[in-house]
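Novice: The structure's right below; bear with me while I get my questions together.
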Amino acid sequence: MLDTTTYSQLETLCETMTGKSFLVVTGAGISTASGIPDYRDKDGVRRGKQPMMYQEFVGNPAARQRYWARAMLGWPRIRAAQANAAHRALAALQVENAISGLITQNVDALHSQAGSQDVIELHGSLHRVLCLDCQQRSERADIQEQMLEQNPYLLGVDAKQAPDGDTLLDPAFETGFKVPRCPHCEGDRLKPDVVFFGENVAPQTAAKATSSVEQGKACWWSARH
């Protein structure tokens, strides 16, 4: 059961939202109930290893090999994750026009799975893969199939799940891993279609998010006056 304080907070939230439309911004916390870990524990301590930086990924073939070996093992959990009650509640609020927009920092696509429309994925989606050479995008599921065929030695290897589809894999398993190739140009510089640490958000995505924020401000202003 919810305690008195939580009930009071919910009551205040309902009163605040009545007759108004709000912009919603979500982060990693909304997806933890779906089995996707975030970067910090309840005490704010970072989980696992330091995330890979963009420049390292782009400029170092060994870094890409390490990333994809771990990501191949982490993908099944991302693919199998199901939207939870919070995702579904936001989708329902959107149907009722109670929210003016939805921006998420998450890369799991669970808001879309729940039925939310026009979600601004600020940091991209793990369900897509971008070729850094030809700029074509591919479905992550197709790239996964390619990696499984090329690296059968990793089948059955148990690796602890980390944030954003990563795993904590013994480095010995990374040696000899065959990185995936682009289905369009055969290049080997494939990158998940997400914003890495040290990388900028795409200008068009940033502009769309800024516009959504400004519209949200306008909705809030008109609701108050």
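Every residue number used here counts from 1 along the chain in the order it is shown.
Cβ atoms are placed via backbone N, Cα and C, with glycine included.
Sequence annotations record features per position, and here TrEMBL assigns domain 'Deacetylase sirtuin-type' to 1-225. Here TrEMBL flags HIS123 as active site, proton acceptor. Taken from TrEMBL, the feature Zn(2+) binding site applies to CYS131, CYS134, CYS182, CYS185.
Each of the listed features needs to be described in terms of its position in the shown structure.
Specialist: Around HIS123 (active site, proton acceptor), the C-beta neighbours below 8 angstroms that are at least 6 residues distant in the chain are GLN105, ASN106, VAL107, VAL194, VAL195, VAL201. In this structure, HIS123 (active site, proton acceptor) belongs to neither helix nor strand by DSSP; it is coil.
Classification of CYS134 (Zn(2+) binding site) by DSSP places it in coil, neither helical nor stranded.
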Novice: Mean pLDDT over the domain 'Deacetylase sirtuin-type' (1-225): what is the value?
Specialist: 88
Novice: CYS131, CYS134, CYS185: which of these binding-site residues has the highest Cβ count within 10 Å of its own Cβ?
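Specialist: Of the binding-site residues CYS131, CYS134, CYS185, the most buried by Cβ count within 10 Å is CYS131.
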Novice: Same chain, not part of CYS131, CYS134, CYS182, CYS185: whose C-beta falls within 8 angstroms of the C-beta centre of the Zn(2+) site? Give them in sequence order.
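Specialist: Neighbours found: LEU132, ASP133, GLN135, GLN136, PRO183, HIS184, GLU186, GLY187, ARG189, LEU190.
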Novice: Can you check which residues sit near CYS182 (Zn(2+) binding site), meaning Cβ under 8 Å from its Cβ, same chain, 6 or more apart in sequence, and list them in order?
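Specialist: Counting only residues 6 or more apart in sequence, the Cβ neighbours of CYS182 (Zn(2+) binding site) under 8 Å are CYS131, ASP133, CYS134, GLN136, SER138, ASP188, ARG189, LEU190.
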Novice: Under a three-state reduction of DSSP output, how is CYS185 (Zn(2+) binding site) classified: helix, strand, or coil?
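Specialist: Reduced to three states, the DSSP call for CYS185 (Zn(2+) binding site) is coil.
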